[in-house]
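These features come from Swiss-Prot:
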- GLU249, ARG256, ARG271, GLU301, PHE341, ARG416, LYS422: ATP binding site (BINDING)
- LYS251: active site, N6-AMP-lysine intermediate (ACT_SITE)
Amino acid sequence: MQFGELVKALAAIEATTQRTTMVKLLVSLFKKASPEEVGKIVYFILGDLRPPWEGVELGVAEKLCLRAVSKATGAAVSELEALYKKTGDVGEAARRALAASKRPGLLAFGSQKPLEVSEVYDTLLKVARATGEGAQDMKVALLSSLFARATPEEGKYIARFVVGKLRLGVADMTIIEALSDAYGVNKEALEKAYHIYPDLGRLAKHVAEGKPLDEIRITPGVPVLPMLAQRLSSASEILAKLGGSAICEYKYDGERAQIHLTPGGVKIFSRRLEDITHAYPDVVKAVKEAVSAKEAILEGEIVAVDPDTGDMLPFQELMHRKRKHDVATAVELYPTVLYLFDVLYVDGEDLTEEPLIYRRVRLSEIVCETDKVSIAKWRIFDNAEAVDVFFHESVSMGTEGLICKSPSSIYEMGARGWNWIKYKRDYRSEMIDTVDLVVVGAFHGRGKRAGLYGAFLLAAYDPSTDMFYTVCKVGSGFTDADLKKMYEILQPFKIPHRHPRVVSKMEADVWFVPQVVIEVIGAEITLSPLHTCCLGAVRPGVGLAVRFPRFTGRYRSDKSPEQATTVAEMLELYKRQKKVVQPE
């Protein structure tokens, strides 16, 4: 397929405000491509070259990209930088420069073949893999070879892609729906395969080749989508929901981690499927010493502890581990303990279809607890009073509360069901609980906030529609530094119109691709005619909103937008306010 065909589809996707139109455009695009091309097209649309856990990054900033455009067009870098500053879009700067240039190899002169999708993808992969001495010059040379042959519109999307600002916001579930329609594959089966092996590029190629989905199996080294929990506000409700008895375990305030042990070593993946092994060399060493299996997939929580007292510290302390340099110092200053709570695979045995109580037994069989690796503290209860005693014990130890689970539950990858239920101390009265919401729009600041965003439009996610519904407009809780940071992190996702996956009655000054997740707290969940979350679910014509919302200061970079608080959770929180449990 010619790259120009893909670019036409990208432009149409960018222009639409309707998700159904987006799906139709993708279906048409997939049908025109070969199986090999479909996988590469999917990666490109998602703004990636490989799945997230492989950590393949282009390593190209705006200046390097403009150097490549300069080399291809002859335009001065300073001229291109001025154009970029004027437009605010490196892609538009590249498009204008290419349109104004008289390149000897231009297609218009008939001396060059048009760019092919595979050719562009393969070249970009070479750019990402260029490392060491002379890597930047190599990247510039490779990129300029693409720009030299690209049409202005093609150059726009190549430039946006390489600097990570494609701005399409096509979700994984949208891709899955389009693949299902394009190849006549059952959508639920495709979704299940994706939960097991969440590499959409590989999966797209697989279905395009007509291969059966049952060939996709859980594989050590490839992270699965994590199972997620619902929430309730009292022990009696939780036990009733779980059928009368529950495995209750401490809910540690750390970083959720999926640990893969293979003959090649230990890999640690985040809830967003990113490889975070480099941040936790101490955990890697501890797992090798504590786990007897040759191959295993384990789940646990990495918790920061005080080096002097051993007391558990808040999640924020783990941020020191995210620096790529001087990890050894961070390990010494911010030690951790790994609390394991599940096992999904052991030495060729897929345990995801086995009941939790059996998985617990298998976990205890393969783990020899140490001061660095422990099994999460748990008990089985069928009495609400006993659950509450355990809850208070857990909180007094520095945890967030309990996770209560059905003893007979299987591991439902990627699902947020009622087999796992969070019981946190924050749920003890009205909306003392926080919610994780997605930034979908912003409003220009005034006075001290002039030149930045003064408030943000936030939304909850609905997995049944793959859409985001507004919940509140928040401007409180942000320091000057926060406002500057928010402005900077949101710029790559700025788009000229409301995103097709966002449902909003409010008109924001600026719209964004749903990507950035922040934590918010408020006085209560209230009915609102201004917001679309759960519109009509409680009363006709009104939705749910957070009253007096305030930013807590916590950026949830560990969560994807699809892992944000759901509309169902918002409705549940609203209902629970009517059954307030008075704090003791």
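The backbone N, Cα and C atoms fix where each Cβ goes, and this holds for glycine too.
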Cα-Cα distance linking LYS251 (active site, N6-AMP-lysine intermediate) and PHE341 (ATP binding site), given in Å to the nearest integer: 10
Nearest-integer angstrom distance between the alpha carbons (Cα) of ARG416 (ATP binding site) and LYS251 (active site, N6-AMP-lysine intermediate): 16
In sequence order, what residues of the same chain, 6+ apart, have a Cβ less than 8 Å from the Cβ of ARG271 (ATP binding site)? PRO226, ARG256, GLN258, ASP558, LYS559, GLN563
For GLU301 (ATP binding site), what is the tally of other C-beta atoms lying within 10 angstroms of its C-beta? 23
If I take the alpha carbons of GLU301 (ATP binding site) and LYS251 (active site, N6-AMP-lysine intermediate), what is the distance between them in whole Å? 9
So if I draw a 10 Å sphere around the Cβ of LYS251 (active site, N6-AMP-lysine intermediate), how many other Cβ atoms end up inside it? 23
Quick note, LYS422 (ATP binding site): same-chain residues at least 6 apart with CB under 8 Å of its CB -> ALA229, GLN230, ARG231, LEU232, LYS251, GLY401, LEU402, ILE403, CYS404
